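TrEMBL annotations:
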TRANSMEM  29-52  transmembrane segment
DOMAIN    71-201  domain 'Cupin type-1'
BINDING   Asn116, His121, Glu126  oxalate binding site
BINDING   His119, His121, Glu126, His167  Mn(2+) binding site
Amino acid sequence: MLDLSPSFQAIAIRHRNSNLLQLKMATHFFFITIATMALVSILASASDAIFVNGKFCNNPKLTKADDFFFSGLLTPRNTSNPVGSIVTSVNVTQIPGLNTLGISLARIDFAPYGLNPPHTHPRRTEILVVLEGILYVGFVTSNPENRLFTKALYPGDVFVFPEGLIHSQFNEGKTNAVAISGLSSQNPGVIMGRIQRFMMMFLPKHSEWTRWWWTIFKLSFGGPTTKKKWRKNS
């Protein structure tokens, strides 16, 4: 039989009240956590660090036409540097209105025999169109084939560099060259720097595309005195 004595009922009531108190405290903690997270989000601004998925959005009530505008791609930039090229990026940093839209572009200026060194865009694909000059471009596929694709591009020609693959562009002419590239991200990212040295550490010394990269480097720094003619298309 069930014990329905007053003492047992008192114990049951205390146990029930204890459970209700614990539930109430857990509920309060949950809502405090949500409120804190919301406050942090409100305090964040468009000047915060860039994340893979973009920056924090501006307040729509404060948005203006200049948030969707950039001026400067018409003007050539100085290519007097060791590689003979300069990139003018137009991404979410320059145009806040690009945030979350998944597009950006860049202008690339090349001096004669200038090189845009081997690099990758870890997050997006690139499509490039030549406006002036002749560019020799290429990219390398991933393992296991590591296949090389190269092409000589003339004004009006278009070439695609798939997402995440090492690629490069080289001006093989005696005049300046200009290209415009479009990328499928408002913040595509770029990995370069010492990627050339890293490549040489791990690639076969006599592979076709290793020789291709080194030929481009030598031509870029050697200029017309070492220039060779080629029209190799893979």
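Using the three backbone atoms N, Cα and C, a Cβ is placed for every residue, glycine included.
What TrEMBL says about a protein is an automatic prediction, not a curated fact.
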Remaining residues near the recorded Mn(2+) site, that is with C-beta within 8 Å of the centroid of the site residues His119, His121, Glu126, His167:
Thr120, Phe139, Phe161, Leu165, Ile166, Pro188, Val190
Rank the binding-site residues His119, His121, His167 by how many other Cβ atoms lie within 10 Å of each Cβ and give me the one with the fewest.
His119
Within 8 Å of the Cβ centroid of the oxalate site residues Asn116, His121, Glu126, which other residues of the same chain have their Cβ?
Ala106, His119, Thr120, Leu128, Phe161, His167, Ser181, Leu183, Pro188, Val190
Need the DSSP three-state call for His119 (Mn(2+) binding site) to compare against my parser.
strand
